[in-house]
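As given in TrEMBL:
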- 28-47: transmembrane segment (TRANSMEM)
- 67-87: transmembrane segment (TRANSMEM)
- 94-116: transmembrane segment (TRANSMEM)
- 172-197: transmembrane segment (TRANSMEM)
- 218-236: transmembrane segment (TRANSMEM)
- 256-276: transmembrane segment (TRANSMEM)
- 325-345: transmembrane segment (TRANSMEM)
- 396-416: transmembrane segment (TRANSMEM)
- 433-489: domain 'Kazal-like' (DOMAIN)
- 518-542: transmembrane segment (TRANSMEM)
- 554-578: transmembrane segment (TRANSMEM)
- 608-626: transmembrane segment (TRANSMEM)
- 647-673: region 'Disordered' (REGION)
- 661-673: compositional bias 'Basic and acidic residues' (COMPBIAS)
Amino acid sequence: MSRGEDDQDCGVGWLRAPWLQRFATTNWFLTVYGLLGTIQAMSNVYWVATLTTFEKRFGIPSRTTGIMLSGNEISQILLSLFLTYYGGQRNRPLWIGWGVALFAVSCYILALPHFMYGPGQTALSLTKEYTENQGVNQSVSEHREKIGLCSEEVEEEDCVSRAGGKHSTLPAILVFLSQFILGIGSTLYVVLGQTYIDDNAKKTKTPMLLGMTISLKPIGHALGFLVGSACLSIYINPSLSPVIDKKDPRWLGAWWLGWLLFGTVMLLFAILMALFPKDIKQDGKEKLDMKTSAMISNNMVLKQDRKPNITEFPAACKRLFRNKLLIANIFSDVAFVLGFSGHIMYLSKYLEVQFNKSPSESSLLIGPMLLVSEVSGLLISGFVISKFKPPPSYLLGWNVVIGFILVFSEIFILLISCKDNGMVGYNQLEKSINFLNDCNKECGCDNLKYSPVCLEEYGMTFYSSCHAGCSGITKENGPMFYHNCTCVPISSNNSFLFETYSGVLKNGPCPFECGNKFGLFITIMFFVHWFGTSGKIGNIIINYRSVEDEDKPFAHGISLLFISMAALVPGPILYGWLIDSTCLVWNKSCGSRGNCWYYDKDQFRYKFNGTAAGISIFGVILDIIVCRLGKNVDLYGEEERSERTKEFKEKYGVESETEGEPLKLVHSPNRES
């Protein structure tokens, strides 16, 4: 079998069984590629859903999380140009298969910290099994129960025994490593996969085909949040019985469970993807027939068969960086991705802080919203572009409209808030916090961890039962209640005069209801995602049509390079820093600071959404420039098809009958016999 035939057969090496060849079609590639995109999207969103739990488990602040996650983009910055330049001119499905194998490795690395360090001492201490084991010695059990109560005995921090339990550095390094590996795989999957589809389908069908494959990703987003919700509903150690409920901020779900599932599934897809041929046989495909006619007429070697040459790399860079339309469109993407990177990475945290939603509940609510909005936006836009072929000015003008909608939506979201009574000791007007006062200063509360209790009558949350001046505790079927509390304000409007409260305080923070405001927020986010995805396909097509065919993978690589370098690396770090700057109560242990337990909700909302709106304005300006530069671009290959047919007819004596039918050899005066 010749090498050219091998390039169009399913299989790897000598493993090219005849029964495999029925799968060597564009439709089968689209199916596998789309399903793989769904699994990848699930894993990406699963990380978003479980991020706050990971932070709590290992005591990691949000800005450090942003640095950890930058590993994905750093690998794309370092390797995207090389991978897309060389991989784009070789066996793309095989390279994609290796990339997917790296996905799997990344997932397994993310699960490693749990198996290395376990659920943690704090999580274990909040279980029935822990209490029962300690109950073997009654005095120890009584001592454990009294920790956190108002007492003249000061509980000293046991930094010696905890020294071996403070494991935030190595887990952070492992996350960075996993993201670095993931970035390599993502580059190969996205760039080589989309250009492979575009090269093996008619240009008029590309928008619809891309819409179909990309629309499977939102399904993955929804499923990823659902898997995240399911895993976070399970306690971090499934074999133990927790004494707190999922609404308690100290609850830790089984964040590690999903990574084992995703890693295994991706290994299977890596094998499937690697089996596809370098080129798909397309009987009557115009592009290949033209090249075949040219080769017959002039005894030439197909241009695509040339091996990439490093000496041509600088010329390719120069050619693309001088393409004003391409560069303007890329920087528009950079602005919008940077603006919305906070919502991409910290949406679950936003819902937890602003709307009192637990991690599992946040994931369960976000999933269906993303599914309906993004799938419908992608499919409708892909169908409209393929069916009606709107001119470039309409397509690019729509992106400008979308940009304005996104900016105004961010401003409106900034105004949506839920009011609660906050935490006793926090002065919202002066933005100051002081949990100690005359009634609890002798209670020995200095070294206590955040263990909130709720005064349900006033809707007030105390940092701990000790800070509420409680000296008694009772248990009723698991939940703990505190009594004899001397630091309870005399009313919800007066937090400076205290009395001994005759009722009880409940374990956990006070809930607050938002009513219709949460529904309004979800509705706005639905339309934000719908409009955002409706412009995605047009944006991809503009990048592809603004360059030559052989430059498409490289152009996409440059796009990934700039988006990674200028948006996805600084974005999570920027928003992580903004979020941390609004923290009021830190998890402090033995002189070091970990994750945040309690935020200034208003400052969180203002900084988060205000920054997103401000950055997105630059994206709108760049979209206007793109609209002016790209108004005459050939989106659907009509001009190119006409020019190439004319050129081949004059040079080689061929003519095209109708679109989709093979070219005919009319005459060949210079052909050697």
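Each Cβ is built from the backbone N, Cα and C atoms, and glycine gets one as well.
Broken down by DSSP into helix, strand and coil, the domain 'Kazal-like' (433-489) contains 0 helix, 23 strand, 34 coil. For the transmembrane segment (172-197), same-chain residues at least 6 beyond its ends with a Cβ under 8 Å from one of its own Cβ atoms are 26, 29-30, 33, 36-37, 40, 54, 58, 60, 64, 67-76, 79-80, 83-84, 87-88, 92-93, 95-96, 98-103, 105-107, 109-110, 112-113, 206, 209-210, 213, 540, 544, 552-553, 556-557, 560, 564. Restricting the average to the domain 'Kazal-like' (433-489) gives a pLDDT of 80.
By the Cβ criterion (distance under 8 Å, sequence gap of 6 or more), the transmembrane segment (554-578) is not counted as touching the transmembrane segment (396-416), fewer than 3 such pairs being found. At the 8 Å Cβ cutoff, the transmembrane segment (256-276) and the transmembrane segment (28-47) share at least 3 close pairs (sequence separation 6 or more) and count as touching. Under 8 Å from some Cβ of the transmembrane segment (28-47) lie the Cβ atoms of residues 93, 100, 103, 107, 110, 186, 189, 193, 196-197, 200, 209, 212-214, 216-221, 223-225, 227-228, 231, 258-259, 262, 265-266, 269, 272-273, 276, 280, 370, all in the same chain and six or more residues away from its ends.
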